[in-house]
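Visitor: Have a look at this one before I ask anything.
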Amino acid sequence: MQKLFIVFVLFCILRLDAEVDGRTATFCTQSICEESCKRQNKNGRCVIEAEGSLIYHLCKCY
């Protein structure tokens with residue numbers, strides 16, 4: 001059971017570091033998202049998107 005948990009955690013870490021359609025899949029924090037988008041002179045917003053059976057909390061700049 002512990003091995004399965006470790007594999008799951010490693011998978012999540014690697015998956016969260018991967019690029020998804022040009023956006024980084026992370027657990028989005030609104031304040032951090034707004035700050036990173038402010039550098040691009042855009043408004044930032046956390047959105048939830050699904051890809052297959054996986055759900056991503058993404059920061060999108062508009």
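Cβ from N, Cα, C; glycine included.
Heads up, here are the entries from Swiss-Prot:
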SIGNAL    1-18  signal peptide
DISULFID  Cys28-Cys46  disulfide bond
DISULFID  Cys33-Cys59  disulfide bond
DISULFID  Cys37-Cys61  disulfide bond
SITE      Arg45  site 'Basic residue of the functional dyad'
SITE      Tyr62  site 'Aromatic residue of the functional dyad'
Visitor: Once near-sequence residues are set aside, which residues in the chain of Cys33 (disulfide bond), 6 or more away, have Cβ atoms under 8 Å from its Cβ?
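Guide: For Cys33 (disulfide bond), the qualifying residues are Gly44, Arg45, Cys46, Cys59.
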Visitor: Check each residue in the chain of Cys28 (disulfide bond) that is at least six apart in sequence and keep those whose C-beta is under 8 Å from its C-beta; list them in sequence order.
Guide: Cys46, Val47, His57, Leu58, Cys59
Visitor: Work out how many Å separate Tyr62 (site 'Aromatic residue of the functional dyad') and Cys37 (disulfide bond) at their Cα atoms, rounded off.
Guide: 8
Visitor: Please list residues from the chain of Cys37 (disulfide bond) whose Cβ is under 8 angstroms from its Cβ, counting only those at least six apart in sequence.
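Guide: Expected: Asn43, Gly44, Cys59, Cys61, Tyr62.
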Visitor: Please determine which of the recorded positions listed here (Arg45, Cys46, Cys59, Tyr62) has the lowest count of neighbouring CB atoms within 10 Å.
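Guide: Comparing Cβ neighbours within 10 Å for the recorded positions Arg45, Cys46, Cys59, Tyr62, Tyr62 has the fewest.
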Visitor: Quick one: what's DSSP say for Cys33 (disulfide bond), helix, strand or coil?
Guide: helix
Visitor: Taking the Cβ of Cys61 (disulfide bond) as the centre, count every other Cβ atom within 10 Å, in any protein chain shown.
Guide: 16
